[in-house]
Amino acid sequence: MKDTQIKKLIEAERKRQKRVINLIASENYVSKDVLEALGSELTNKYAEGYPGARYYGGNEVMDKVERLAQERALELFKLSPDEWAVNVQPLSGSPANLAVYLALCPPSRNPDSSFQPARVMGMTLAHGGHLTHGHKVSATGKFWTQVPYGVDEKTEVLDYEKIKEIATREKPAIIVAGYTAYPRIIDFKKFREIADFCGAYLMVDMSHFAGLVAGGVYPSPFEYADVVTTTTHKTLRGPRAAMIFSRRDPPNMIGRAGARELPKKIDKAVFPGLQGGPHLNQIAAVAVALAEAARPEFKKYTKQVVKNAAALAGELARLGWRIVSGGTDTHLLLVDVWMNGKGIGGKEASERLEKAGIIVNKNTIPFDTRSPVDPSGIRLGTPAETTRGKQEKDFTEIAKKINEVLRK
Ligand SMILES: Cc1ncc(COP(=O)(O)O)c(C=O)c1O
């Protein structure tokens with residue numbers, strides 16, 4: 001590279017990544033093949049539109065790239081193209097979620113031309129939901145009204161009876177399941193029943209656990225959801241991007257206006273609704289990652305990710321730390337480091353750990369009494385370090401080191 005300033009910075013970041021223990025639950029290390037696709041000449045091309053229907057010439061290769069990514073995505077999650085469609089163009093997870101709301105329940109205008117926002121029912125950010133599940137600082141909370149739900153105060157897990165009660169009362173247009181800081185398995189069947197009961201679409205945002213679904217260590221949401229969104233850069237170990245899967249004919253939505261048009265509506269919401277030209281270099285890199293995730297080694301990897309998280313949670317609990325909800329079924333865990341004043345704040349915890357070479361993020365815990373800028377918890381995840389080959393015994397050692405640093 002001739003640009004020495006950027007070259008130096010890339011080198012510095014590469015070294016930083018090598019040096020630290022990375023416990024950020026949403027990060028991972030991609031393969032050389034993924035990097036190669038990202039850095040390829042595919043970045044030079046404009047391809048507005050969809051395969052076979054582009055607004056620019058010269059897209060015969062790009063059509064093949066995008067179709068291959070779509071085929072691999074459906075194959076990986078064992079979906080028939082007769083039943084499911086997939087859009088691989090979203091630039092990242094947030095625009096993907098926004099596109100779904102735009103497609104399924106666009107804000108309408110009142111006769112006086114004021115906006116009439118539809119209702120999106122999503123987990124509150126404070127309990128582990130994502131900003132794009134309708135939080136007020138996100139566009140999704142400005143153009144839609146969030147109907148929030150959370151976890152039970154005692155058990156810190158989803159309370160499906162309460163969720164049903166809220167959904168029945170508030171009648172949201174769409175219910176979102178899938179979170180950014182929730183360590184437990186979601187009962188998708190129960191969510192389907194609730195959605196049917198109140199006539200809502202069920203969208204699952206599997207951004208965090210998509211890799212675990214692909215590896216068979218987390219239940220698949222596809223049996224129950226109308227729409228599934230996912231980022232591709234977390235447990236799935238691909239480049240930063242996202243995908244939207246939608247049912248061609250949602251069985252529970254028959255008779256509902258427009259239900260049969262989901263994939264078409266979603267395509268329109270992505271382009272031209274929200275985006276211009278797709279990033280085909282990124283889509284090619286997604287295709288590479290999808291093929292990697294279909295290999296037996298990836299199954300082994302995801303099993304190890306979950307075992308490592310259990311080992312980390314188990315050892316931290318043994319050392320006296322409170323693990324939110326009592327443990328984890330997944331790749332992530334929330335540690336209550338404040339423990340009602342017996343420990344330290346999440347901000348201090350993450351700063352101390354960073355100085356010791358362990359990268360985590362501070363995180364609110366359900367019913368947190370502290371502020372989001374200095375909450376009671378930290379979130380830990382195992383996908384990145386498992387990619388580097390770490391096993392349960394290594395995570396037991398990491399837990400000991402975390403304990404040492406936090407108790408100093
Ligand atoms: C559950 C969930 N959905 C959506 C997103 C948004 O993804 P992005 O950061 O790519 O916009 C995230 C990112 O953390 C997430 O955890």
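For all residues, glycine too, the Cβ spot is worked out from N, Cα and C.
In TrEMBL, annotation is done automatically, which means it is predicted and not curated.
If you check TrEMBL, you get these features:
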type    : residues                       : note
DOMAIN  : 2-401                          : domain 'Serine hydroxymethyltransferase-like'
BINDING : LEU125, GLY129, HIS130, LEU131 : (6S)-5,6,7,8-tetrahydrofolate binding site
SITE    : HIS233                         : site 'Plays an important role in substrate specificity'
MOD_RES : LYS234                         : N6-(pyridoxal phosphate)lysine
REGION  : 371-391                        : region 'Disordered'
Using other CB atoms within 10 angstroms as the count, which residue among the binding-site residues LEU125, LEU131 scores least?
LEU131
Counting every protein chain present, what is the number of Cβ atoms, excluding its own, within 10 Å of the Cβ of GLY129 ((6S)-5,6,7,8-tetrahydrofolate binding site)?
25
Three-class DSSP secondary structure - LEU125 ((6S)-5,6,7,8-tetrahydrofolate binding site):
helix
Chain-internal residues near the residue listed as 'N6-(pyridoxal phosphate)lysine', provided their CB is under 8 angstroms and they sit 6+ positions away:
ALA25, SER26, GLU27, ASN28, SER207, HIS208, ALA210, GLY211, PRO383
Distance [Cα-Cα, Å, rounded] between LEU125 ((6S)-5,6,7,8-tetrahydrofolate binding site) and HIS233 (site 'Plays an important role in substrate specificity'):
21
Annotated recorded positions LEU125, HIS130, HIS233, LYS234, filtered by Cβ under 6 Å to ligand 1:
HIS130
Could you measure between HIS130 ((6S)-5,6,7,8-tetrahydrofolate binding site) and HIS233 (site 'Plays an important role in substrate specificity') for me? Cα positions, answer in whole angstrom.
16
8 Å Cβ shell about LEU125, GLY129, HIS130, LEU131 centroid, (6S)-5,6,7,8-tetrahydrofolate site members excluded:
GLY122, MET123, THR124, GLY128, THR132, HIS133, GLY134, HIS135, SER138, TYR179, THR180
Given a separation of at least six residues and a C-beta threshold under 8 Å, show me what packs close to HIS233 (site 'Plays an important role in substrate specificity') in the same chain.
SER26, GLU27, ASN28, VAL30, PRO239, ARG240, ALA241
Inside 10 Å of the Cβ of HIS130 ((6S)-5,6,7,8-tetrahydrofolate binding site), count up the other Cβ atoms and send me the figure.
23
